[in-house]
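For reference, Swiss-Prot has these:
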- Cys559, Cys568: [4Fe-4S] cluster binding site (BINDING)
- His654: chlorophyll a B1 binding site (BINDING)
- Met662, Tyr670: chlorophyll a B3 binding site (BINDING)
- Trp671: phylloquinone binding site (BINDING)
- 46-69: transmembrane segment (TRANSMEM)
- 135-158: transmembrane segment (TRANSMEM)
- 175-199: transmembrane segment (TRANSMEM)
- 273-291: transmembrane segment (TRANSMEM)
- 330-353: transmembrane segment (TRANSMEM)
- 369-395: transmembrane segment (TRANSMEM)
- 417-439: transmembrane segment (TRANSMEM)
- 517-535: transmembrane segment (TRANSMEM)
- 575-596: transmembrane segment (TRANSMEM)
- 643-665: transmembrane segment (TRANSMEM)
- 707-727: transmembrane segment (TRANSMEM)
Amino acid sequence: MATRFPKFSQGLSKDPTTRRIWYGIATAHDFESHDGITEEKLYQKIFASHFGQLAVIFLWTSGNLFHVAWQGNFEQWVQDPLHVRPIAHAIWDPHFGQPAVEAFTRGGASGPVNIAYSGVYQWWFTIGMRTNLDLYRGALFLLFLSTLALLAGWLHLQPKWKPSVSWFKNAESRLNHHLSGLFGVSSLAWSGHLVHVAIPEARGQHVRWDNFLTSIPHPQGLQPFFTGNWSIYAQDPDSMNHLFGTSEGAGTAILTFLGGFHPQTQSLWLTDIAHHHLAIAILFIVAGHMYRTNFGIGHSIKEILEAHTPPGGRLGRGHNGLYDTLNNSLHFQLGLALASLGVITSLVAQHMYSLPAYAFIAQDFTTQAALYTHHQYIAGFIMVGAFAHGAIFFIRDYNPEENKENVLARMLEHKEAIISHLSWASLFLGFHTLGLYVHNDVMQAFGTPEKQILIEPVFAQWIQATHGKTLYGFDVLLSSNQSPALNAGANLWLPGWLDAINNGNNSLFLTIGPGDFLVHHAIALGLHTTTLILVKGALDARGSKLMPDKKEFGYSFPCDGPGRGGTCDISAWDAFYLAVFWMLNTIGWVTFYWHWKHITLWQGNVSQFNESSTYLMGWLRDYLWLNSSQLINGYNPLGMNSLSVWAWMFLFGHLIWATGFMFLISWRGYWQELIETLAWAHERTPLANLIRWKDKPVALSIVQARLVGLSHFSVGYIFTYAAFLIASTSAKFG
């Protein structure tokens, strides 16, 4: 007899209802709960799945390169990056009528195409690619890597090649290899690529495999390196008149510390980027020799944690027991990794627009908006996941005996103080920010805008001034001519930095006023409330005053309202569920702010943002409503244009989003009755009754319905805003 899905759970596979399918999908990746799982099998499965993940990533990037080379216009774009619209791929759609075919035939293409707003053209151009052949070679190489990763994954599941648990728990070796090998050597390799291929290409010198070994990246070769005259590599940088991709105005420097942006491309100097990666490489390669492994030298993390006695005994037993707690809990490790990755992803969003690294990307406004929004949403989901796995750690892996009186136990002991402080901060931010906005709305409505409460963000302006922004007249540190900081570092403070920070043509330290002050605090409210929900969910996951320890209840123990008595207090799943809504709303405010401020900057009417962002009606009317007009006219009774696909996605996104509420605000018995009625009708309808099912239809559980509702809400919300963002920006700037 064939085993029914799911094979990993015999108990579940025998369930006669549709619950078998839903629970099977829900627990497919919860390896810990599978039949016959051992610690060794668990680690090996996760290890092998990492190779699968790499294979998918390589295949995806290979596909990007291949489709652009096959159906894109990379070679035409390279000739004129500012005026040719980059093509992602062709659209094959038999449903298109003639008006649609004409509307979507752009960028010099012969048929309907999709425009690329991902920035890949600018990236490939910056790193030295120039022809379709370059793209094809890249695609083929990545396809080879993808196959290699799949083979490695399969190999490490074979008996002879399965690593042991002790190998996975050798933290020092893993840290050394990841620091030196993963970060250090890869940064060194990237610096090498920039110096040997990308920088020469930016100066009109074509370096490929046939002349790679004969083209010296610097006229003096390695002599300055071996003689210690490293500064020679920084002499003669590209001039301010350098035309990117040509020898006109090009210098010979390969590792510089200029600061600021290349005047033509509006992106960071490639020689600065190469220098940065070389410095990172050295730092990480050194760091990767820090921990004790084979030779009995270096640090032992366990010894460090146990030797560190907190001053005055104020933190109990400090970090005692933490090494084993962390090293034996995959959820703890994953939580920390996700928290780090979430922060980094958000920083990537901030730096991609303020310090653009890719040539001409700063002038492609739709791409800038898309990349910022994309990275902020990704960061939000990753951060929420960090807390979810932190909560699972407390439920499944935390052992109070092993952590007596250490910092982890003490944090749990004063969780009430942590939660109440976060609660107070959220309440303070919420009432004051909303109060200011609403007051300003009322003043606008009554025709007395001069009575608005407008607060200048003086502390933030002062911080901008210390970094060199002179506009506010603070005359402090780098913005002061007499400052010892400025004089002492005349050649150190990246000569181009001070020009860039005071130049109105980039997004570096944007000028801020009362509208920024208010939205900053609205975002702070969102961040603090999301954090409050997540922190409370994790700290109370194992129990509260009402229910001391719920280890056996598991993570997806549902909160069922006051009728069940106190279960909402200790449901980490429900905290996660609630936090996702707050996270999405917070990132909504972040992206609204970024987008509106930049639209007005790019259009040269920044006063619109400054005047309208101080009250809520301004946001609704002058940002959302005003910018959705082009979108809603994607197709109308007079015909259609290239925005029609975004108009359709905008409507469809709203539909998915609204469907979520059907699952979120409903009574479970109603669904069961509805399903039974549909099943009854199906079985009695000719033709339809030829199709039978073996599983008895059962309504979703509370947790499942919340998950389905939440996923619809999230996907619909993001679809809707993505369509709005891309259509409103591309309609204005192309």
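One-based numbering along the chain as shown.
Every residue, even glycine, has its Cβ placed from backbone N, Cα and C.
Note that the structure is a prediction, hence the values are computed from the model and not measured.
Stretch with the most C-beta contacts under 8 angstroms to the transmembrane segment (643-665), considering only 46-69, 175-199, 330-353, 369-395, 707-727: 707-727.
Distant neighbours of the transmembrane segment (273-291): 171-173, 175-181, 183-185, 187-188, 190-191, 194-195, 198-199, 234, 254-257, 298-301, 357; these residues of the same chain sit at least 6 beyond its ends, with a Cβ under 8 Å from one of its Cβ atoms. The transmembrane segment (575-596) makes no contact with the transmembrane segment (135-158), as judged by fewer than three Cβ pairs under 8 Å among residues 6 or more apart in sequence.
Same-chain residues lying 6 or more positions outside the transmembrane segment (175-199) and placing a CB less than 8 Å from one of its CB atoms are 126-128, 207, 212, 215, 217, 254-255, 270-271, 273-275, 277-278, 280-285, 287-291, 293, 301. The stretch in 135-158, 330-353, 369-395, 417-439 that contributes the largest number of Cβ pairs under 8 Å to the transmembrane segment (707-727) is 369-395. Panel annotation: around the transmembrane segment (330-353), residues 42-43, 46, 361-362, 368, 371-372, 374-376, 378-380, 382-383, 385-387, 389-390, 392-393, 396-397, 507, 594, 598 of the same chain, lying at least six beyond its termini, place a Cβ under 8 Å from a Cβ of the stretch.
Note on proximity: of the binding-site residues Cys559, Cys568, Met662, the one nearest Trp671 (phylloquinone binding site) is Met662, by Cα distance.
Counted over every protein chain shown, other Cβ atoms within 10 Å are most numerous around Cys559 among the binding-site residues Cys559, Cys568, Met662. Rounded to the nearest whole angstrom, the C-alpha distance between Cys568 ([4Fe-4S] cluster binding site) and Met662 (chlorophyll a B3 binding site) is 22. If one looks beyond the transmembrane segment (417-439) by at least 6 residues along the same chain, the residues whose Cβ comes under 8 Å of a Cβ in the stretch are 411, 452-453, 455, 518, 521-522, 524-525, 528-529, 531-532, 535-536, 539-540, 614-616. Same-chain residues lying 6+ beyond the ends of the transmembrane segment (46-69) with a Cβ under 8 Å from its Cβ atoms: 31, 87-89, 116, 118, 120-121, 124, 132-133, 135-136, 138-140, 142-143, 145-147, 149-150, 152-154, 156-157, 163, 168, 330. Taking the Cα atom of each, His654 (chlorophyll a B1 binding site) and Cys559 ([4Fe-4S] cluster binding site) are about 28 angstrom apart. Taking every protein chain shown into account, Tyr670, Trp671 are the binding-site residues, and of these the Cβ with the most other Cβ atoms within 10 Å belongs to Trp671. Taking the C-alpha positions, the distance from Cys559 ([4Fe-4S] cluster binding site) to Met662 (chlorophyll a B3 binding site) comes to 19 Å.
There are 15 other CB atoms within 10 A of the CB of His654 (chlorophyll a B1 binding site), with all protein chains counted. Annotation note: Met662 (chlorophyll a B3 binding site) sits in a helical segment as assigned by DSSP.
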